[in-house]
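Peer 1: Sharing the feature lines straight out of TrEMBL:
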COMPBIAS  113-123  compositional bias 'Acidic residues'
COMPBIAS  135-157  compositional bias 'Acidic residues'
DOMAIN    6-95  domain 'CS'
REGION    113-157  region 'Disordered'
Amino acid sequence: MTSEIVTPPSVSWAQSNARVYLTFNVECDKPDIKIEKKAVSFKGICAPEQKLNQVDIPLFAEVDPEKSTQVNKGRLIELVLVKHKTDEPFWPSLTSDKKKHHWLKVDFNRWQDEDESEDDLDPMNDMFSNKIGDFGDEDIEKNDSSSGEEEDLPDIE
């Protein structure tokens, strides 16, 4: 049974130079999603409670609705909005109303800084993958008994 109470879905967002990434964190079989130049709207009956989730998002700047895409991945719906003007600075916020919405949060896993290109790999992943093989090497050198430090220590009684 469908409830008459309308609640906004949880939405996370990120951006790059040319795109805005929106994720609706709800499980919804057949959502009604409209992408317009200055707005995105979402409406759907979402699991598990079969509640009506609806939100209208006034965008900070224009996007290209025809080049933008959406994918329903079962437990979430992802939208990739193509920015109309890629030469402008990053959007300071997703919405044009500049309000703090309780249902909207930043997706730091997908976020790119303005000076990063879209082709760059995640530098943190590269840093960690390069260091994984080195973890044991530093400890061996520190605990090496041939360093001469242990020879000066008295025996423990």
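From the backbone N, Cα and C atoms, a Cβ is placed for every residue, glycine too.
Just so you know, TrEMBL annotations never went through curation; they're auto-generated.
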Peer 1: For the domain 'CS' (6-95), what's the mean pLDDT in this predicted model?
Peer 2: 94
Peer 1: With DSSP as the reference, give the number of residues of the domain 'CS' (6-95) in helix, strand and coil.
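Peer 2: Breakdown, helix to coil: 0 helix, 54 strand, 36 coil.
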